[in-house]
Amino acid sequence: MRGRNRIWLLLVSLFSNAAWSDSQLNLTKGVTAISNEVYDLHMLVLYICTAIGVIVFGVMFWSIIFHRKSKGAKPADFHESTKIEILWTAIPVVILIAMAIPATSTLIAMEDNSDSDITIQVTGSQWKWHYKYFDQDIEFYSVLSTPREQYENHNGEPATRSEHYLIEVDKPLVIPVNKKVRFLLTSDDVIHSWWVPAFAVKQDANPGFINEAWAKVDKPGIYRGQCAELCGKDHGFMPVVVEVKSEEDYQQWLKEQQQLIADAANAEQASLSASMSKEELMQLGESTYLAHCAACHQPTGLGIPPAFPALKGSPIATTGSIEEHIDIVFNGKAGTGMQGYGKQLSLKEIAAVVTFERNAWGNDTGDLVQSADVKAASGE
Amino acid sequence: MTTDTLENTEHHEEHHAQPSGIKRWLYTTNHKDIGTLYLWFSFIMLLVGGGLAMIIRAELFQPGLQIVEPDFFNQLTTTHGLIMVFGAIMPAFTGFANWMIPMMIGAPDMALPRMNNWSFWILPFAFSILIGSFFMESGAPNFGWTFYAPLSTTYSNGSTAFFVFAVHIMGISSIMGAINVIVTIMNMRAPGMTYMKMPLFVWTFFITAYLLIAVMPVLAGVVTMVLTDTYFGTSFFNAAGGGDPVMFQHIFWFFGHPEVYIMILPAFGIVSTIIPAFARKKLFGYSSMVYATASIALLSFIVWAHHMFTTGMPLFGELFFMYCTMLIAVPTGVKVFNWVATMWRGSMSFEIPMLFSIAFVILFTIGGFSGLMLALTPVDFQYHDTYFVVAHFHYVLVTGSLFSIFAGTYYWLPKWTGHMYNQTLAQWHFWCSIISVNLLFFPMHFLGLAGMPRRIPDYALQFADFNKWVSIGGFAFGLSQLLFLAVVIKCIRSGEKAADKPWDGAEGLEWTVASPAPYHTFSTPPAIKDE
């Protein structure tokens, strides 16, 4: 009885409007002049293909229905006709030219990166985006903000998932409306691809090279996309979120950011002379570790060898010197997936994470690391 | 073209003592045995690759990570692609080439029989290495079947060496197979069979073989560069050492795009054989079919960068590759029009090979339409690396290549086994496949347009409904292929005795020999008469 109810429920849920209201069938029209042109082009080709399909398949089904042996059809004898063959070579060429003309003009407009109002450098790394505003001294990382419990479901489904599950970040990119914003894209490690469907912008971020793209957005709002190029393990977990603000709101936001940066610098300075207790370090260390390190080294510290080595029992986090340990966390390790976190974390957080790694999972070194130690060992 | 049936050539068998058991298959130089080996091997690979796809679809059935870890998910998508391309589709076509080309051109065997044996028997080793890497510490390749650097070099999980070695062996096998096809066709046609009298099937394999010889060495080159970048400190694809990661993609796709046609031109040949047989009318526009095949092959060398529009190519490059890619629609259109014209005013009947061929024409054309949409650079920026692309290439490779393989198998099974297949089971196989395959791949178009990137193990909630349907279609399509296995095994073991020419509209030399085809055929060349 219960089983039957369930099947019934499943069927009802599949066909109810509620289940399908979220499902989008067609390309997004987007919020830029370019994305609208792209949408129109998409619809044009779709209609042309549909029309051709209807004609060709129509003729075929006519034969299938009326020219069957079971209906006594006798085969005709023709098997070539130069006239008709020239015709069905020439007509497609004309149709193709009709498609190529609007495609060419849209493409030329898309590739015109000149006269931008604002320039932002977008850097991909495994698996987060970094945004740097030219002439503003503002830069920050943008990381997936969906909690791990929501997507790691090996032990059962979560009670709820957030509305923007897997397409939400801690700090979105913020740009002003009606300004031509130029993006310079590059990568710190493998190839990523920065994609916002609503802007019709998808551009690869290649390590060691810089690509250009631009968008001039008509409407304030929050627009979401994802990394589009396979970039390793967590390729599915590096969303792009762009918040488009009105000019005043944008200026306000810039001011807030500058204030935040100044505050952070002060806190950094203050932390140098402060000394934290083991409990404080372990607590901050654990939260920092889970946010920034656990994707590769795993919450258990066991890693995914050989690409992502274990920290539990690792010489670096036990018998090795604290300085070397800090150096790897701060500067990364060349030729591997280990990034440098000197730019991403505060001195305090690095001190806490190193302390945590040296004292968690049975790595009982008892070592305590303070901000000042990090400053000294980082060589800066 | 009509032919004389010559004396049955079975008596030749007596002269050779046949090893039995496993040795028969290990030592065989007979084109029919080797064709059978290729076909069974490719079917096993289809099941392995399909099994991997089932795990992928099970993980994607609902949001969240329930079954596999993201890294293992990447290993699944990578090996699924490699196994299906190099293990299932390509060897199946080589199997067809081995079985049918000598019988279609009136030759006693392939021109280089020992090399033929060798080119098959290295394949199991290649795939053992590839699949075996699942059980090694590094895990299987996890960088996508396109193995873009530097993900496959500096950032690889340590499986690169096994991957490169396996691909080298597959490449050697393909090159040897291609050489054999070319040498056989050029030298061993029966007297009177001029090039323009060859069955279209033979023509498409001939052109495919040239493509293979042209591009497999490019693949070998690029995997070697990946190997040395990973282990020997070179910097072909490393910007820090003066290289360029985008150069990898240029070299890879210079191989990769002709590779796509390597997997579809033979399908054109099979379908062009079957449609006239069941329309009981000669193939419309034989010579334009030959020219269209050749032009598709030539164009395939100048369109590779349409896979790379988002890599930051200059405007001129984007325009060039867009125009060239659009041009491919012309010869491809000619082919579709010719098939339809062949059916027009024919006397059609709908046996299983014909059903699969008609499905091929419709569904391959749908894949062609999405291909045309992808060719337009501005919209490609939106489609690129989404499920729209996944839908596109599965329409051309599954309902295209794979369906043609099914069609060809049903068409020639009576000749191969001497029995007719079980009608009812085969009908079930066709209808289950055609329904489930569309449930599997059609909604992927919507997913891609709505913005779902490919190669992700988990997705945003708005993609949940379609993914559920796609997964259900996937399981159904996978299970349907067990019906195919049942049909083939039943047909080998028992079944109604097949006539020498079981299809009344069929043409070609293969139908002039007995069913099942004797171990040696055409030891004396048949005479080809002009009409």
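Glycine is no exception: its Cβ is also placed from the backbone N, Cα and C atoms.
TrEMBL lists B:25-529 with the feature domain 'Cytochrome oxidase subunit I profile'.
Positions annotated as transmembrane segment by TrEMBL: B:37-58 (among others).
The transmembrane segment annotation in TrEMBL covers B:78-99 (among others).
Taken from TrEMBL, the feature transmembrane segment covers B:120-140 (among others).
Within its own chain, the transmembrane segment (B:160-188) is flanked in space by residues 82, 86, 90, 94, 97, 101-102, 105, 107-108, 110-112, 115-116, 118-120, 122-123, 125-127, 129-130, 132-133, 136, 138, 141, 147, 152-153, 198, 202, 205-206, 208-210, 212-213, 216-217, 219-220, 223-224, 226-227, 230-231, which lie at least six positions past its ends and keep a Cβ under 8 Å from the stretch. The transmembrane segment annotation in TrEMBL covers B:160-188 (among others).
Sequence-remote contacts of a segment are chain residues at least 6 beyond its ends whose Cβ falls under 8 Å from one of its Cβ atoms, and for the transmembrane segment (B:200-227) they are 93, 96-97, 100-101, 104-105, 147, 149, 152-153, 160-161, 163-164, 167-168, 171, 174-175, 177-179, 181-182, 185, 234, 236-237, 248, 251-252, 254-255, 258-259, 261-262, 265-266, 268-270, 272-273, 283, 286, 289-290, 293-294, 297, 300-301. According to TrEMBL, the feature transmembrane segment maps to B:200-227 (among others).
Annotation source TrEMBL lists transmembrane segment at B:260-278 (among others).
If you look up TrEMBL, you'll see B:290-308 (among others) marked as transmembrane segment. Tertiary neighbourhood of the transmembrane segment (B:290-308): same-chain residues 196, 200, 203-204, 207-208, 210-211, 214, 246, 249-250, 253-254, 256-258, 260-261, 265, 268, 317, 321-322, 324-325, 327-328, 331-332, 334-335, 338, 374-375, 377, 380, selected by CB-CB distance under 8 Å and a gap of 6+ residues from either end.
TrEMBL lists B:320-340 (among others) with the feature transmembrane segment.
Positions annotated as transmembrane segment by TrEMBL: B:352-373 (among others).
The transmembrane segment feature in TrEMBL is assigned to B:393-413 (among others).
A Cβ distance under 8 Å defines the sequence-distant neighbours of the transmembrane segment (B:425-449), meaning residues of its chain 6+ beyond its ends; these are 352, 355-356, 359, 363, 370, 382-383, 386-391, 394-395, 398-399, 403, 406, 410, 463, 466-467, 469-470, 472-474, 476-477, 479-481, 483-484, 486-487, 490. Annotation comment: TrEMBL describes B:425-449 (among others) as transmembrane segment.
Annotated transmembrane segment per TrEMBL: B:469-489 (among others), in sequence order.
For the transmembrane segment (B:260-278), the list of distant contacts is 85, 89-90, 93, 96-97, 199-205, 207-208, 211-212, 215, 289, 293, 296-297, 300, 335, 338-339, 342-343, 348-351, 353-354, 357, 360-361, 364, 393, 396-397, 400-401, 403-405, 407-408, 411, 503, 505-508: same-chain residues at least six beyond its ends, Cβ to Cβ under 8 Å. Counting Cβ pairs under 8 Å that are 6 or more residues apart, the transmembrane segment (B:469-489) and the transmembrane segment (B:37-58) reach 3 or more and are in contact. For the transmembrane segment (B:37-58), the residues of the chain that approach it from at least six positions outside its boundaries are 25, 28, 67-68, 73, 76-77, 79-80, 83-84, 87-92, 94-96, 98-99, 120, 123-124, 127, 131, 402, 405, 409, 470-471, 474-475, 478, 481, 485, 488, judged by C-beta separation under 8 angstroms.
Predicted-model confidence for the domain 'Cytochrome oxidase subunit I profile' (B:25-529) is 96, expressed as mean pLDDT.
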